[in-house]
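Working notes, beginning with the structure itself.
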């Protein structure tokens, strides 16, 4: 039976981001109706880590809103990493904190972070259409810095932003050049507060995107993330095809500002597809 890796997310700093990413409700440019807070309490993060690990999650990603890492965020993430690792839960810790230089990433590595997540989101050519406050090249350099720091790299993108198939191929080719160990695959869901006017991808087109990703990234862990609940709805037959077409990792629980599937019910559904849950990160 196919083994599936479960990863979970903790939004440890939410909202008030000064970047203008057109797909993100955390941007202060869009005034999304989301929870906003500076730093989540350490005790709450530890409770989340314990609960999600008990459900079977092996990856735990600490996400901060904002353009980039700074000294305060570095210290905060390092503190969380040390506290979680002290629990000996066996979690693979990922940080997702925006643009970062080599020194910052080495600091996080030494504090106990195992991987860094920084998505390319789309192609270099299409990126200026969805963000003007930073460049695609900055994202790519941060990914390179993570690798140079000796961290694992988690990097992927979003499908359904009105990009072309050529853009999708260009993004996947760039990702392949980085050889990430994990590639999150997100499907954009239309939101009235966001400026992107794009219809939700059909399940068939989403599956084609997965097939394409598998072609370019045969050795990466392909992780279905945001948008799965809407694109596949209650269509179990189509959702099961995700795993036939190359998906071998799933985000368990909620996303940054949107609800995911209820973890226990989601796991029951995955088991009904004949999948098994990985018990080790390796």
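Using the three backbone atoms N, Cα and C, a Cβ is placed for every residue, glycine included.
Per Swiss-Prot, the features are as follows:
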type: DOMAIN; residues: 1-228; note: domain 'Radical SAM core'
type: BINDING; residues: 17, 21, 24; note: [4Fe-4S] cluster binding site
type: BINDING; residues: 61, 96, 154, 221; note: [2Fe-2S] cluster binding site
Checklist entry - At the Cα level, what's the spacing in Å between residue 24 ([4Fe-4S] cluster binding site) and residue 154 ([2Fe-2S] cluster binding site), rounded? => result 19
Checklist outcome for this item: Given the [2Fe-2S] cluster site 61, 96, 154, 221, its other Cβ neighbours within 8 Å of the Cβ centroid, in chain order, are 7, 59, 94, 115, 117, 182, 184, 223
Checklist entry - Here the binding-site residues are 96, 154; which one has the lowest number of other Cβ atoms no more than 10 Å from its Cβ? => result 96
Checklist entry - What's the CA-CA gap between residue 61 ([2Fe-2S] cluster binding site) and residue 21 ([4Fe-4S] cluster binding site) in angstrom, rounded? => result 21
Item to check | Using Cα positions only, nearest of the binding-site residues to residue 21 ([4Fe-4S] cluster binding site) (96, 154, 221) | outcome: 96
